[in-house]
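Swiss-Prot has this to say about the protein:
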- 660-677: compositional bias 'Low complexity' (COMPBIAS)
- 700-709: compositional bias 'Low complexity' (COMPBIAS)
- 710-721: compositional bias 'Basic and acidic residues' (COMPBIAS)
- 649-678: region 'Disordered' (REGION)
- 693-736: region 'Disordered' (REGION)
- 1-21: transmembrane segment (TRANSMEM)
- 42-62: transmembrane segment (TRANSMEM)
- 84-104: transmembrane segment (TRANSMEM)
- 126-146: transmembrane segment (TRANSMEM)
- 156-176: transmembrane segment (TRANSMEM)
- 204-224: transmembrane segment (TRANSMEM)
- 239-259: transmembrane segment (TRANSMEM)
- 287-307: transmembrane segment (TRANSMEM)
- 334-354: transmembrane segment (TRANSMEM)
- 364-384: transmembrane segment (TRANSMEM)
- 390-410: transmembrane segment (TRANSMEM)
- 414-434: transmembrane segment (TRANSMEM)
Amino acid sequence: MAIVALGVVYGDIGTSPLYTAQTFLAGQGGLGSVDREAVLGMLSLVFWSITLITTVKYVLIAMRIDNNGEGGIFALYSLIRKYGAWLAIPAMLGGAAFLADSVLTPAVSISSAVEGLQTLPPLEGLFDENPSLTLMITVVIIVILFSVQSRGTESIGKVFGSMVLVWFGFLAIVGVTNLSNDWSVFEALNPVYGIKFLFSPNNAAGIALMGTVFLSTTGAEALYSDMGHVGRGNIYFTWPFIKVALVLNYFGQGAWMLANSDNPQYTAMESLNPFFQMMSPNVRYLAVILSVSAGVIASQALITGAFTMVSEATRLNWMPHLQVRYPARTRGQLYIPVVNGVLCVSTLAVLAIFKDSEHISAAYGLALTITMITTTVLLGVYLWHSGKRVGAIVFTVLFLAIQAMFFIASMAKFLHGGWFTMLLTAAILFVMYTWNEGTKLERAQRRHMRPNDFLPALDKLHSDFRIPYFADNIVYLTSDSETKRLDTDIFFSIFADHPKRARAWWAVSVETTDEPFTREYSVEDFGTNYIYRVRFRLGFKVSQSIPAYIHQIMHDLSKTGELPKQKSIYPKVDADPDIGTIRYVLIHKALMPESKVSARGALSLQAKYAIRHMAGSPVKWFGLAPYNPLVEVQPLFVSTRRPPRLKRTDTAKTIPTPTPTRAVADPAAVPDPMDTTSGLGRLVQELDAAVSAEARKTAEAAAADAPAEQGDKGDKGKAENGKPAAKPQRSAKQKR
């Protein structure tokens, strides 16, 4: 599993040496413009940024704070949201920024690595004649990468893990090779060098230098987000090796820059990349191959992190329910087809807009600084409420100060492409906010009825033979977690317009557990044999095939006598003659012109319903399509007050009452069907009594066929003192 950790979580931070030093030289005016002070200052800032941000903040502190093994900003928010509603704001903002960064990482990592092919002498002419060749190769690699995601990160991680192990070993060896000529660069371990150069007049980039240094820490947030995929212990075990390899390579590049700062061959070179130039031409071939592989792996780290984050956002009701697959046996390794497709299309769009890594890197990093800042805020709140208040203050002040410098420096990228990531962040944030607000508004109108309120009406409808059956069984799918009461939406659906009479009504909800293969259900029958509240508890790897489970429950209850016997005379989709017809009903909320809701609330609801329409339907999620489910729309926030009466403007016509052709009795003498003193009334009463008697006979026959209770409960059925014992009562809730 440690090899999987290498492949899944370290790809992003492992590609930073490809472009960090190159970006530093570009900001300082080239290799000829830097001196020893500049090189040591840059190395010092890089080393301490990796140490403080990645090692201290994420590896040593953040990873100790998990939600059932899951990491990331949403998992962290789930732990502390009880401390204030305002915490949703930084959590949403940080999550949106992370997802926006997930679009840019594959584009910048893979394109920058592929462009290394241009440094190989035999291929220089080919790329000069075909400038778009690099872009085409990058597109092919990205399409292949997203296509293999459905195989799961376990299989991908094993392959990528071995490659990353070779990659970081290669980084360390190349770094040591160049360090052997000048070990003095380790003076940069002194943080004074970094602070001094940052504020030195020789720093041509000014505060923007911190934006370059920040590139060395990209991937740190992915360590925390991907913790659920590979486990905290595996990251602890592998991180020391990763950090040593990174430091050796950065310092090796620094030693090469000091050794060649006066070499005209390199000082005149545009877009000089010390990473490739510090190697001999023969080694450079291997470097290009490995760097392309590392770029692919870096993309993998962000893709898996995006899957995890969207899954957590769904559980928080910040995003719509999406189809989730679990290719491996652990819940942390998941695959979301819709997210995979959106990321793929968005990444290709980035390549189409920015063309090459130079322009993509101008937009890269700004969104990630926002994620790191919001994570710091949430971690500080967690530490504060954990009783470590002094530590919380020190932690929050220190890391907010550092990351504020990163953010200010990265804002210089806004006009050079940073606007794109901000646009993506705003779009994702809009989805989260509107979905959350829309859900809150829907739940604000949700009401529940106690059994004493709904049972009399249902009992009357159940025994009213004058109304034909809508179906033998009507199954309502609901997201309501209440099991002791009934959602009024279901009650109104049953009685709206033409009442939906049935032999049995079912209200069904699904709860996904953290265990992979849980298959349980509980039933509440409210003391009747015609209404059942069912709650499924299904493991995250168990298929949510509701029709199959509903049939099992009906058979189970029929065998115990809790559900009256049913027989299907005509052919059905499920071909199950022992169960009557089943009709599934889904209730969707909708705004109406007369809905009484604020403009902001209406916007949130309309946006939510538009997103829901694009995200898919529960009909597909639960396999209901073959059963022709009924989708009902119920209005939100509609006033029950009658509108003012209309005024008629034309002249009303008086229609004379027709004269009867034969004498009729006085209306007062016409028997009332509900008047038991009249013949018709007595007939209706007799018919009702017959129906009730038939219902009692059916219930008694079903009870007689039911198997006797086992164990201690069976003893209660024995006679005492020659008198039959009372019939044992069924518990309100049974767990299967």
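Cβ atoms here come from the backbone N, Cα and C positions, even for glycine.
Of the candidate ranges 126-146, 287-307, 334-354, 364-384, 414-434, 364-384 contributes the most Cβ pairs within a distance under 8 Å of the transmembrane segment (204-224). If one looks beyond the transmembrane segment (42-62) by at least 6 residues along the same chain, the residues whose Cβ comes under 8 Å of a Cβ in the stretch are 13, 20-21, 24, 71, 76, 185, 188-195, 197-198, 209-210, 212-214, 216-217, 219-221, 223-224, 235-236, 239, 243, 246-247, 250-251, 254, 372, 375-376, 379, 395, 398-399, 402-403.
Under 8 Å from some Cβ of the transmembrane segment (364-384) lie the Cβ atoms of residues 53, 57, 61-62, 65, 73, 76-77, 79-80, 83-84, 87, 90-91, 93-95, 97-98, 100-101, 104-105, 108, 211, 214-215, 218, 220-221, 224, 391-393, 395-396, 399-400, 403-404, 406-407, 410-411, 413-414, 417-418, 421-422, 424-425, all in the same chain and six or more residues away from its ends.
Sequence-remote contacts of a segment are chain residues at least 6 beyond its ends whose Cβ falls under 8 Å from one of its Cβ atoms, and for the transmembrane segment (126-146) they are 106-107, 110-111, 114-115, 117-118, 292, 295-296, 299-300, 303, 340-341, 343-344, 347-348, 351, 355-356.
Highest Cβ contact count with the transmembrane segment (414-434) among the listed stretches 84-104, 156-176, 239-259, 287-307, 334-354 falls to 84-104 (criterion: pairs under 8 Å). Count of Cβ pairs under 8 Å against the transmembrane segment (156-176): among 84-104, 239-259, 287-307, 334-354, the largest is for 239-259. Residues 7-12, 14-15, 18, 72, 98-99, 101-102, 105-106, 109-114, 116-117, 119-120, 141-142, 145-146, 149, 153, 156, 160, 163-164, 166-167, 170, 174, 219, 221-222, 225-226, 229, 275-276, 279, 333-336, 339-340, 343 of the same chain lie 6+ residues outside the transmembrane segment (287-307) yet bring a C-beta within less than 8 angstroms of a C-beta in it. For the transmembrane segment (84-104), the residues of the chain that approach it from at least six positions outside its boundaries are 72-74, 76-77, 221, 225, 302-303, 305-306, 309-310, 313, 318, 343, 346-347, 350, 360, 363-365, 367-368, 370-371, 373-375, 377-378, 381, 420-422, 424-426, 428-429, 432-433, 436, judged by C-beta separation under 8 angstroms.
Here the transmembrane segment (334-354) has Cβ contacts under 8 Å with residues 102-104, 106-107, 111, 135, 138-139, 142-143, 146, 149-150, 152, 303, 306-308, 310-311, 322-327, 360, 362-363, 417, 420, 424, 615-616 of the same chain, all six or more residues outside its ends.
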